[in-house]
Amino acid sequence: MSRARNHLRAALSLLAVSARGAATGVLGQRGLSAWPAPQEPGMEYQDAVGMLNTLQTNASYLEQAKSQRGDPQKQLEAMELFLARSGLQVRERIRINGQPISCDLFTKHFWRLYRRLEDTKDGSGASMPTYFRFLTLMAFHVFLQEKVDLAVVEVGIGGAYDCTNIVRRPVVCGVSSLGLDHTSLLGDTVEKIAWQKGGIFKPGIPAFTVLQSEGPLAVLRERAQQIACPLYLCPPLEALEEGGPPLTLGLQGEHQRSNAALALQLARCWLQQQEHRDLGELKTSRVSGSWQLPLAPVFQPTSHMCHGLQNTEWPGRTQVLQHGPLTWYLDGAHTTSSVQACVRWFRQALQRNQRPTSGPEVRVLLFNSTGDRDPAALLKLLQPCQFDYAVFCPNLTEVSSPGSADQQNFTVTLDQVLIRCLAHQQHWSHLGEQASPALQSTPQPSGPVPHSPHRGSASSLVFSCVSHALQWISQGRDPVFQPSSPPRGFLAHPTASSGASVLQEAGAIHVLVTGSLHLVGGVLKLLEPSLSQ
């Protein structure tokens, strides 16, 4: 068995103990190893995801109970409750060779793991692992069963106390650009969040990060020194491009260049430890400046590295869909820094588009946010994009039917998410009242082409689900999204009625969908149904 699988086996044993308590330590040695498991009777993927979703309910109940009795471990255990699910389906969280595992493979491994955890419960009232902790167990289990050579593991929240942080001897660690997120759990400053992120560092294991603000970079350096971890700063991508052609990235947006620089260093470090010969020719560093950390090597990316960067795809991240007169811009940005990057990308994309030859150009924002994020701060960053309409809806694909189990969230009710959407609408209206007419009509530096929002009606609407929001925005003009007839009273609101006329006559409709990865996933499920298959 390879060294990688030995580390995965050890990590899985440790995670099994932490997920259920020391009494279940035998579980990691007996039931969750790389040994063959017995065949389970056939079960549907939706049944597996539905059962997984009940772990959200269990987590919510436990949080309420612990809150009432003042459990000192409340903050750490709550991390699982607030972990986001990305993409269209939960199986996308576990990928092999870049592709989400199949529904059949997910279903098989889910039920094997679930039943083994059930069968080994002790009599002290032990409960099942919560949602994300279960998925983490399952990911390691799948990697072992499928005999992967390399496992890339992303933390859920933070790092120091995250349940993914149980691999004692990883090959390499990386910390990308930091921003404020999950502040109720990680801290209300970027420096506090940097301390949490530095918790993934391991003694003697190389780690890389990208250029950060001085404060958080200093915290990462101190954490690395305390842990005896060699930490390096990635040179900017421009340094790697010197003397060669510019690198083409499959993911749009200037901020992706920082991610690409980190990815190249992580990949090269792994290849080096695997004793690969083609690591990219080292170059003399011309990067100037005073740095708090030693610089990582400057090298010429190999053809395989260039090919990987160019062909990287990630649905819902700076993604553009052209559907007739509608152009959908999808980015699951949900922090202040990522929304700022989203706005820059959206403006640049608008500048590249040709103006419609007939009919007006209409801009629509479709937005939602969840958890402890500050929607007013995020919406304020989006306001300079000069939207004609702002549309708000929960991360629910369909309100009239149960829909896919992947889109269900048992930790909140429909009333709660609709109240939050109404709060988003109020924030947007308040921002509109504060903005001066001069600010609304003056293009920002390097911003979009001049655009005068239609002022004939109010600018915001709330819908009860993603499908209803898309029906109103598209007005039947999207050749892919052709739902059944809208629900009764769909255009009863004056804004919906007048806005429908504007959208029907528009020569081009530009729709930015952002604020939540769940929202983007719901939109993709309707606009690109093939991705759900």
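Glycine residues also receive a Cβ, built from the backbone N, Cα and C atoms like all the rest.
No curator has checked TrEMBL annotations; they are predicted automatically.
Now, the feature entries from TrEMBL:
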- Glu154, His182: Mg(2+) binding site (BINDING)
- Arg317, Asp331: ATP binding site (BINDING)
- 435-455: region 'Disordered' (REGION)
- 1-23: signal peptide (SIGNAL)
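Its own atom aside, the Cβ of Asp331 (ATP binding site) has 25 Cβ atoms within 10 angstroms in the protein chains shown. Taking the Cβ of His182 (Mg(2+) binding site) as centre and 10 Å as the limit, one finds 21 other Cβ atoms among all the protein chains shown. Arg317 (ATP binding site) falls outside any helix or strand according to DSSP and counts as coil.
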